[in-house]
Amino acid sequence: MEPYNLTGALEFLLLGLSEDPELQPVLFALFLLIYLLTVLGNVLIILAISSDSHLHSPMYFFLYNLSLSDMGFSSTTIPKMLINMQTHNKSITYAACLTQVSFFTLFGCMDSLLLTVMAYDRWVAICRPLYYQVILNPGLCRRLVLMLFFISYMNSLVHYFIVSQLKFCTNMEIPHFFCDIPELLKLACSDTSINNLFRFLLSIIFGFLPVSGIFYSYYKIISSIIRVPSLLGKYKAFSTCGSHLSVVCLFYGTGLEAYLSSTISRSTRENMLASVIYTMRVPMINPFIYSLRNRAMKKALQKIFS
């Protein structure tokens with residue numbers, strides 16, 4: 001079959017999680033609930049930080065942006081899947097697929113970089129407490145977030161270019177619930193060795209380097225905490241990192257599982273399950289981790305509800 005470049009008139013078919021018609025209402029209700037909880041939880045975090053002056057600090061400023069990014073991350077994939085389930089129409093246009101790829105990589109990369117900066121924030125707060133407000137002043141925090149957004153945007157442009165250069169044949173069925181780049185690479189008729197190389201290099205840059213930064217920050221934090229003489233002091237110092245460390249383990253653990261599943265595993269169902277955990281569970285659980293483990297956040301949320 002002769003490969004050809006797609007145009008806006010051509011479409012992919014997203015096969016979704018299951019083709020069983022009896023399961024569709026159950027899956028629709030489940031993922032609608034997950035999406036609503038994700039949006040509600042992150043909106044409450046944003047409102048709490050905005051309305052409480054005690055939360056106007058660098059840590060909560062980065063958490064504010066993480067909540068925005070999490071909402072964007074979920075909104076890239078779940079609404080389209082819900083619409084397809086409700087309308088019984090599995091199609092997605094080529095332009096919409098490229099858009100989904102761009103926003104998915106944009107918000108995914110933004111999450112990763114924000115978690116790295118939040119680890120640096122905890123390092124400064126614990127190891128340089130007297131200079132915390134001086135080092136992480138509001139101007140620097142805003143510039144950091146803008147820089148992270150620019151880096152994430154450039155990453156999404158590169159992924160957009162990788163996918164836009166692919167050529168496809170008559171098989172337009174994607175065995176997934178969104179336009180996942182590994183599935184698109186498998187679907188392509190043209191040679192994808194260069195595309196896979198670029199994807200591997202980007203995974204190292206935007207996966208390994210942020211993780212290395214987080215590990216280094218926590219190495220310095222633990223080294224500083226060990227020197228604290230009292231057990232109570234050690235507990236108080238490390239408890240400020242508990243929420244961030246939980247989110248980091250959840251995000252990178254599920255992200256690594258999704259990456260390995262798409263790269264090594266040949267089972268489509270395993271790939272989709274890993275993607276569901278990565279794209280839906282993480283943004284939904286993040287607000288609960290920060291609200292349940294943080295007294296200041298609990299008080300701010302109580303003020304909103306009262």
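Cβ coordinates come from backbone N, Cα and C, glycine included.
Where the annotation comes from TrEMBL, it is an automatic prediction and has not been curated.
Note on the domain 'G-protein coupled receptors family 1 profile' (41-290): mean pLDDT across this stretch is 86. Summarising the annotation, TrEMBL assigns domain 'G-protein coupled receptors family 1 profile' to 41-290.
Among the features that TrEMBL reports, transmembrane segment is placed at 26-49 (among others). Listed as Cβ neighbours of the transmembrane segment (26-49) (distance under 8 Å, sequence separation of 6 or more from its ends, same chain) are residues 17-18, 55-56, 60-61, 63-64, 67-68, 70-71, 74-75, 78-79, 81-82, 85-86, 280-281, 283-284, 286-288, 290-291, 297, 300-301, 303-304.
Here TrEMBL flags 61-83 (among others) as transmembrane segment.
Per TrEMBL, transmembrane segment is recorded for 103-123 (among others).
Sequence annotations record features per position, and here TrEMBL assigns transmembrane segment to 144-162 (among others).
Among the features that TrEMBL reports, transmembrane segment is placed at 200-219 (among others). Long-range Cβ contacts of the transmembrane segment (200-219) within its own chain (Cβ-Cβ under 8 Å, at least 6 residues beyond either end) map to 109, 112-113, 115-116, 119-120, 122-123, 155, 158-159, 241, 245, 248, 252, 255, 259.
Tertiary proximity for the transmembrane segment (144-162) is limited to same-chain residues at least six positions away from its ends with a CB under 8 Å from its CB atoms, namely 61-62, 65, 98, 101-103, 105-107, 109-110, 113-114, 117, 181, 195, 198-199, 202, 206.
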